[in-house]
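Heads up: the structure comes next, in C-alpha cells.
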Amino acid sequence: MTQAFMLNGLTGFSDAQTPDTRQDLTGLFTEKPQSGEVTMGENITFVAKVNAESLLKKPTVKWFKGKWMDLASKSGKHLQLKETYDRNTKVYTFEMQIIEAKANFAGAYRCEVASRNKFDSCNFDLTVHGEKRQLVVLLMCCDFCSSTDGNEDSGELDFSALLRKRAVQASSDPDVDVWKILSGAPASEYEKIAFQHGITDLRGMLKRLKKMKKEEKKSEAFLKKLDPAYQVTKGQKIKLAVEVANEDVEVKWLKNGQEIQPTGRYIFESVGNMRYLTINNCSLADDAAYCCIVGEEKCTTELFVKEPPVTIVKNLEDQMVMKGERVELECEVSEEGANVKWLDFLLITQLSGGDESFKYRFKKDGCKHVLIINDASKEDCGHYKVKTNGGESMAELLVQEKELEVYQSIADLTVKAKDQAVFKCEVSDENVKGTWYKNGVEVKADARINITHIGRIHKLTIDEVKPEDEGDYTFVPDGYAFNLSAKLNFLEVKIDFVPRQDPPKIHLDCMGRTSESTIIVVAGNKLRLDVPITGDPAPTVIWTKGEKVITEGDGRVHVETTKGHCIFTIEGAERQDEGIYSVVVRNPAGEDTADINVKVVDVPDPPQTPTIVSVGEDSCVVTWEPPLFDGGQPIIGYVLERKKIKSYRWMRLNFDPYPRTTYEARRMIEGVAYEMRVYAVNSIGMSRHSPASKSFVPVAPTSEPIGLCVDDVSDTSITLKWRRPEKIGAAELEGYGVEYCKEGTDEWIPAIDGLTDRTSMIVKNLTTGDKLQFRVRAYNMAGPSAPATLAQPVTIREIMQRPKIWLPRILRQTLIKKVGDTVNIVIPFQGKPRPKVTWSKDGEPLSPQFASVRNSEVDTILFIRKTERKHSGQYDLQVQIENVEDTAKVMLQIVDLPGPPEALKIVDIWGFNVALEWKPPKDNGNCEIVGYNIQKADKKTMEWYTVYEQYRRTNCVVSDLIMGNEYVFRVFSINLVGFSTEPCQTKDSVYIQKTGIVYKPPSYKEHDFSEAPKFTHPLMNRSVIAGYNATLSCSVRGIPKPKVTWYKNKMDITHEAKYRMLSKQGVLTLEIRKPCPFDGGVYMCKAVNDSGEDIVECKLEVLPTLTTNIHLKADH
C-alpha cells in the first residue's frame, strides 16, 4: 500500500503539466500566474488576479508546490506572499515572491482560488538556471528546515525529514512490484489489484502504465531499456544498466530532468554496448525519476529509496515528582532527526508546545527526544505515550503535593533563673518561614529574646530566664496547618537553712519525672539526662546498668558530675542501650538512689517478601507478613512501591501509611511485567524495603465466547458452534472448555479432557432423550472467562428435517411502502416436526393489534391492512425445532410526503441577485430529501415561477431579477413520494434597486463592564486580647459597586452599636469595640450586586487577660 502511495506521489510530480482534475472550473482568474525562469540568487514574482464583483464571499487563494505542499506556512527569508485589493475595480491581486532562488526551488507550482461553491486553479513552472541544477523530489508536505528554531534562515525549503517519512512507508512490503503485477494482469483485474495493494490513484498509475507499454515498441537506439522501476535500501548502492545498439554512442543521464554530472557518488561506465549508472550510498534525495538519452530517443525509470522504520531503543520511564517541579520524559530512537508524536494522558490528544509560555516543550538531542512539562500539577497525572512509525512507549507520571516533614520537634525545657532557654526545631524545607507564639501571643525579638532561621533550623533563644517567661511556646510554619508546641518550666529553688551536713537527695520530680518514669529515645539520637542533686558535703555519684558500673570518660555511654548536677549521656543510642539505669549518691550524711528506665525505639524491620495473590486487567492483589520487630513502637501502616521489570525506577503507590497487609494495586499496563516491594512505618519512621516479589503480568480473562448455538443433534451426539470472544486481552487465548449438565442438577461435566482450540465441537456418547444444558468458556493465562450458555436445555434426539427459511429475493432488500398501503408478506419455510414460528419487531414480540400473522405448516404470512409510519422497522422471523433454529429479517420502510423547509431567510442582496438560505424540514417523510423546488413571485402579480428544480443544497442565489420589482420567495421540499404539501415562504419581500445608493452603517455591540463581586483579599483568622479594640479587614471589587453586609455567626450585625463598618476604595473594615470572650465566633462579609454575590469569613478568638504566673518550688 505504501509503495503504491509513493508511486502516486511521484506520478503527480513528474507529470507537472497534467491538467487539474477538479471539476466546476468557473474561470475566476482575470490574470493567471505564468511560468518563469530565474538565475540562482535572483528574485522572481508570480501574480494572480481575481475579480470579486460577482462573488458572494471574499476569495481565498492557496499556493502549492508540486501537488500538495501548501506554501502558506513557508513564508520566510526566501518566500513572501502578498495580497492587495482595489476598491474601484473590485479586483484582488495575489503575489508570490521568491527571493534568492536556489536550485531546489525549480519545479511545478499551482495556484488555487475558491469562493463559496466556486473554484478555479492554474499550473505554472519555475526553472532555475545555474552551474548546478538539481531538482529535489517532493513527496509530501514538510516543515521548513529551521522554522522551529526561528533563526535567520527561516523559510528555506528542506525536504530531508519528509523524504525519510515517505521512504519508511515504502518499507512495509519491499518484495511486491506493483508495476510488474499491473503490466501482466488483464484489465478486469485492475481494481482487485488496487484494493489488495492499497493503491489510491489507480487512474494515474494506469495512465503511466499505458505510456510505458507504448514505449515498448522497437527502439533503434536501445537493445535493452531500463526497467520501469528500481528499489534500493538507504545507504546501499544500485546500478542502472541499458544496452545500446551502437557501442560508440554517448549517453546522457538525467535525474528529474536535470543532467547528472559524474562525481564520487554518481559513476558512469561504458562496457561494449552496455552503459551503467552506479549510485553509491543512496540517500532519500536519490528517490527520483531517472532518464537515459541516446540521440533523440530516451528511456525512463523510477528509483525508490526505502528506509527502515524508526524504533524506540530506550523506553520512557515512570516518574513521580512533587507539585511545581519540572518533569522530563526521555526516550531514545534508532535514528537521528526522526519524527515522533507525543500523546497526553487521555492518549487521544497530540501534545503541542514551543517556547517557554507553553505548558509542554520538546527537545531533540541526536537520537534522544525529551518531553518537558513545566510546573507540574495534579492535573498532569496520567500515562504519556511517544509514538514513531516503528513502535511506541508509555510511562506513568505521578504528581504529589509537597508535605512539610518535621525532622526535629521542640522539646519541653526546665531552667533556673538567669539560665538560657533554647527552643529548636528542624523542618524539611529551608525556605519555609514561621512564627513563634507564647500562650497564643506572637513572640517579638528584643534584647533578651533572639529568633533565628538558618537553613532548615528555627531557634528561639531566651537569655536570663525570668519567672514571667514560663508558659506554652508554639512554632507555626507559614502556609501549613499544623504547629509544634513545648512548655517552659521555671525552676525556683529556695533553701531557707542548710545544716552543715545534709543527706544527699536526687530531685527527679524537678524534671517532671518520677522514679517509675520511662525515658524514650530514638535510635541514633543523643540522650542527655541532667539530674539535679543536693547534699552537703558534695555527694559522690555512681551510675550502673545491672551490675556494670558506668564510669566518667569519653565513651559512647558516659557520665559526668558537676556542682548540683549529675549528667548521664548516651551518644547515638542503640537497641542494646535499652534497660534500667540506677544512680546512687552518697555522702557522710547518707545516700539516695533512683532508677531510670530508658527505652530505645527505632524504625521497624522490613516486612516479609510480598506475595501476589491475584491479577486483573490493570491491577493485582498483593499480601505480606508484618516485620519480625516493630522497632518498639506499634506499626502505623505500610508503603508500597512497584516497578517495571525492564526499568530501574520504583513508583510509590500510596503516600499515607496503609493499615492492612493486603493491598489492591491499580493503574498498571496490561501485558507488562511488574514486581512489588513494601516498607513498614511506625511513629519513628520508615523501615528498609522488603525483598521484591516475584514478577507478575497484569492480565484479565477474556470475555465470554459469543454466538453459542446448536448446529446439529442426533440420538447420541450434539454439534455446537461459537465465535471467538470479542475481547482477548494481552495474554494469548489457550483454548475453550465445553461442559454440560442434566436439567435439574448443578453438576457440570467436562465434554473432553483438556481444552480445544477450535470454535466448534461434536459431543459424543450422550444418552438419547436426556435434556442437557451446555456452556463454553475461553481460557487464557488469567483463567477461564465468563461462560456462554445456551438459552434453554437441548433434548438429545435426531431432528428429521432441520428448520430452514426460504426468504424471497424481493424481501432481501428494504421493502418501501407509502402510508395507507397494504402489506402482505408471504415467507415459506421447512422443518419436521412442525417448527415453532415467532415474529418480532425491533427485538420486541409482535402484537396482534399491530400486525396480523397467519402460520401454516409450510409458510407464514405477515399482513398489515393500512400502513402507518410506526410500522417502519426491522421484522425478525424465527423458525425453531428444539435448540436448532433459523432466522431471517425483513426491513419495512413506510414513507410519506415531507414537511416544508424551515427558517427560509434572505441572506444578502446585491445587484440583481438575492442569496437565500433555509434549513431542512423537521419531517423528511421517513426517507431521504432528494432536493428542493425554489420559486419566485413578483409582489404585484403574485404569479409563481420556478427558479430551481431538484436543487440539492440548502442555500442558493437567485439571479436575473428585474430592477424596480419587489419579490417574495418560497421553497418546497421533495422526497421519494413527492413535494411537501406546504411551502416555506420568506417573511419579508426584496426590492431590487440601484446598487451602491444605500449605506448601511456598521452596528457595534455596547461592551458590558458589569462584574460580579469578588473578594481580592480574604478575612484572616485572628486571636485578640479582651478589652482592646479589634479590626477585621478585607477587600472587594465589583461593578456596579456591591452592597456589603456583615454577619456574626450568620446573624446580621449591621445595626448593632458595638460594631463599626467602614468602606474605602473597596477596602472593608469591621471595628469591634473592646471585645469580650462573648464576641468570639465566625464573622462573615457578604457583597452583592446585580451580577452576583461573594462571601468571605474568618474566625475570631478573644483571649482573657493573663494575670497569673505559675511557679514550681523544689522540696529540700
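Just so it is clear, glycine is given a Cβ too, placed from its N, Cα and C backbone atoms.
TrEMBL labels come from automatic prediction, so no person has curated them.
Lifted from TrEMBL, the feature list:
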{"type": "DOMAIN", "residues": "19-127", "note": "domain 'Ig-like'"}
{"type": "DOMAIN", "residues": "220-294", "note": "domain 'Ig-like'"}
{"type": "DOMAIN", "residues": "308-405", "note": "domain 'Ig-like'"}
{"type": "DOMAIN", "residues": "419-474", "note": "domain 'Ig-like'"}
{"type": "DOMAIN", "residues": "504-597", "note": "domain 'Ig-like'"}
{"type": "DOMAIN", "residues": "606-705", "note": "domain 'Fibronectin type-III'"}
{"type": "DOMAIN", "residues": "706-799", "note": "domain 'Fibronectin type-III'"}
{"type": "DOMAIN", "residues": "803-891", "note": "domain 'Ig-like'"}
{"type": "DOMAIN", "residues": "900-995", "note": "domain 'Fibronectin type-III'"}
{"type": "DOMAIN", "residues": "1013-1101", "note": "domain 'Ig-like'"}
Cβ contacts the domain 'Ig-like' (308-405)/the domain 'Fibronectin type-III' (606-705), at least three under 8 Å, sequence gap 6 or more: yes
Secondary structure composition of the domain 'Ig-like' (308-405) [DSSP: H/G/I, E/B, coil]: 3 helix, 47 strand, 48 coil
DSSP helix/strand/coil residue counts for the domain 'Ig-like' (803-891): 7 helix, 52 strand, 30 coil
Composition by DSSP (helix, strand, coil) of residues within the domain 'Ig-like' (19-127): 6 helix, 59 strand, 44 coil
